[in-house]
Amino acid sequence: MASGGGGCSASERLPPPFPGLEPESEGAAGGSEPEAGDSDTEGEDIFTGAAVVSKHQSPKRATSLLPINNGSKENGIHEEQDQEPQDLFADATVELSLDSTQNNQKKMPAKTLISLPPQEATNSSKPQPTYEELEEEEQEDQFDLTVGITDPEKIGDGMNAYVAYKVTTQTSLPLFRSKQFAVKRRFSDFLGLYEKLSEKHSQNGFIVPPPPEKSLIGMTKVKVGKEDSSSAEFLEKRRAALERYIQRIVNHPTMLQDPDVREFLEKEELPRAVGTQTLSGAGLPKMFNKATDAVSKMTIKMNESDIWFEEKLQEVECEEQRLRKLHAVVETLVNHRKELALNTAQFAKSLAMLGSSEDNTALSRALSQLAEVEEKIEQLHQEQANNDFFLLAELLSDYIRLLAIVRAAFDQRMKTWQRWQDAQATLQKKREAEARLLWANKPDKLQQAKDEILEWESRVTQYERDFERISTVVRKEVIRFEKEKSKDFKNHVIKYLETLLYSQQQLAKYWEAFLPEAKAIS
């Protein structure tokens, strides 16, 4: 159509004058104002002329047109369109030149037409921050909330007995009714809390910290056996594990706001948790569902569009394997340290017996004092074995379970993606069925087919949004998990090294004190 403009070149066609310009610019533009007939029949040439003129204008001049154009849009269209119809086209020329998507047929470089306002240009050119940058900009989650678990108490006799723990909470958060309160909870209550949180949040991609594992042997000893050192050791291990578990729960901003968490911490009596036993009627279907999920996960082959998720999943799987190997070695270390403590105690007793039967007074005194030193060293070995377990072995055990939950979050994202893909496949089948109905000329079933297509189109859109949402949540949760893991490992390793240093210092102190006695033997 541009070639039918009466042989007029594009450089000679200028847009109509803008109201409010300087006198000299009005005079320059008025000399080449196009006729009304040209504007009505060949409106596309107006855009071409506007594009060429904009190339000859300076950026400063182009920017100054914007506020005037806004005034023209308000006044020229609504108040003066009867008197000056050319202003309508002039306004349309500037408006359409801003939108490059409407003039794709002309292939005009939109950036050369007119410059954006400073604020809009800044916003459009500013790169979007990554998730890592957003996490670093945010302040660390600091909740004035401390939960302690103390006083494990056996209630009842025989196999019906159970252990209740005192859960004490100290906080200044307005979410809770008071600053300090305490309740009694049994182990099944902790498991029930995890079941509730997992049911609500895991399907959305959140990493719900897992509770400590069950121990049928340890609990049976506590229920049936007498109170001995092994039962006390088991209860202390479980108490510490439950305390770490509940502290991780309240440190998570999403979990902290959950009403089930507040109810667990505040309410005096909770309804009995059902289905938490492995061999219960409600526990068997859960085992079956887990096996079914494992099989279905093996059959899903996801075409990963984001390399970040693929790399992170590989990192998580490799880290879990390495932690399992390290945990096995640390458990061996703990057992060897306990054996060393027992052997040191036996050695101390033998030295004491030898010293009591020795005739040489100086030698007898030296042997007796050496036996005392060995008893102190046996105590150091026992304390260090406990430190090996609580500071190192339990840390590794916790993160092995946590990494399994992280993998479950990736699996949940994969299941959401698969649901989206299945919906797309179903939608395609519905459309093919509609095409067959059209081909067979069956109008009675056509409306139902169209309704089903609309329904599945809505589902596909919703499932796509669900996938995008869970991808965002999983990414943020993994980044948060890695930060928490780094802090956790740093704190525990520092404490562990401090215990090793203290143990070595005490050993040196004991031997330095004993050395004069050994030299005094005559």
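Positions of Cβ are set from backbone N, Cα and C atoms, glycine also.
So that you can see what the record holds, here are the features copied from Swiss-Prot:
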- 1-142: region 'Disordered' (REGION)
- S32: phosphoserine (MOD_RES)
- 35-45: compositional bias 'Acidic residues' (COMPBIAS)
- S39: phosphoserine (MOD_RES)
- T41: phosphothreonine (MOD_RES)
- T48: phosphothreonine (MOD_RES)
- S58: phosphoserine (MOD_RES)
- S72: phosphoserine (MOD_RES)
- 132-142: compositional bias 'Acidic residues' (COMPBIAS)
- 143-272: domain 'PX' (DOMAIN)
- S188: phosphoserine (MOD_RES)
- K237: N6-acetyllysine (MOD_RES)
- S280: phosphoserine (MOD_RES)
- 281-298: region 'Membrane-binding amphipathic helix' (REGION)
- 302-522: domain 'BAR' (DOMAIN)
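Secondary structure of the domain 'PX' (143-272), assigned with DSSP and counted as helix (H, G, I), strand (E, B) and coil, comes to 65 helix, 28 strand, 37 coil. Within 10 Å of the C-beta atom of S188 (phosphoserine) sit 17 other C-beta atoms, taking all shown protein chains into account.
Within 10 Å of the C-beta of K237 (N6-acetyllysine) we count 17 further C-beta atoms, all protein chains included.
Cα spacing between S188 (phosphoserine) and the residue listed as 'N6-acetyllysine': 16 Å, rounded to the nearest whole number. For the domain 'BAR' (302-522), the mean pLDDT of the prediction comes to 94.
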